[in-house]
Amino acid sequence: KEGYIVNYHDGCKYECYKLGDNDYCLRECRLRYGKGAGGYCYAFGCWCTHLYEQAVVWPLKNKTCN
């Protein structure tokens with residue numbers, strides 16, 4: 001599974017500005033989903049890869065980013 005890492009409180013994606021390989025996104029994806037996860041910056045959001053099927057990613061149901 002793949003997807004954008006999401007802030008559970010406001011429903012927003014984690015933003016990033018350095019597209020492609022991005023240490024911040026990789027670190028945040030691994031903190032949330034485990035050391036087997038990958039991450040990079042895609043369309044100014046942190047995109048996480050190699051996730052388990054039940055991983056919660058953006059968008060959250062009933063929560064819109066404001």
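Just so you know, glycine gets a Cβ as well, placed from its N, Cα and C.
Residues or ranges marked as domain 'LCN-type CS-alpha/beta' by Swiss-Prot on the basis of sequence analysis: 1-66.
Counting every protein chain shown, the number of other Cβ atoms lying within 10 Å of the Cβ of Cys12 (disulfide bond) is 18. Residues or ranges marked as disulfide bond by Swiss-Prot on the basis of experimental evidence: Cys12-Cys65 (among others).
In sequence order, Asn22, Tyr24, Cys25, Cys41, Phe44, Gly45, Cys46 are the residues of the chain that are 6 or more apart from Cys16 (disulfide bond) and have a CB within less than 8 Å of its CB. Annotation note: Cys16 (disulfide bond) sits in a coil segment as assigned by DSSP. The disulfide bond feature in Swiss-Prot is assigned to Cys16-Cys41 (among others); the stated evidence is experimental evidence.
The annotation disulfide bond is assigned in Swiss-Prot to Cys25-Cys46 (among others). In the three-state DSSP reading, Cys25 (disulfide bond) counts as helix. Its own atom aside, the Cβ of Cys25 (disulfide bond) has 25 Cβ atoms within 10 angstroms in the protein chains shown.
Within the same chain, residues at least six positions away from Cys29 (disulfide bond) with a Cβ under 8 Å of its Cβ are Ile5, Ala37, Gly38, Gly39, Cys46, Cys48, Thr49. Per Swiss-Prot, the feature disulfide bond maps to Cys29-Cys48 (among others); the stated evidence is experimental evidence.
In the three-state DSSP classification, Asn66 (asparagine amide) falls within coil. Around the Cβ of Asn66 (asparagine amide), a 10 Å sphere holds 6 further Cβ atoms from the protein chains shown. Annotation comment: Swiss-Prot describes Asn66 as asparagine amide.
Just so you know, the Cβ of Cys48 (disulfide bond) picks up 28 other Cβ atoms within 10 Å once every protein chain is counted. In this view, the densest Cβ surroundings among the disulfide-bonded residues Cys46, Cys65 belong to Cys46, judged by other Cβ atoms lying within 10 Å.
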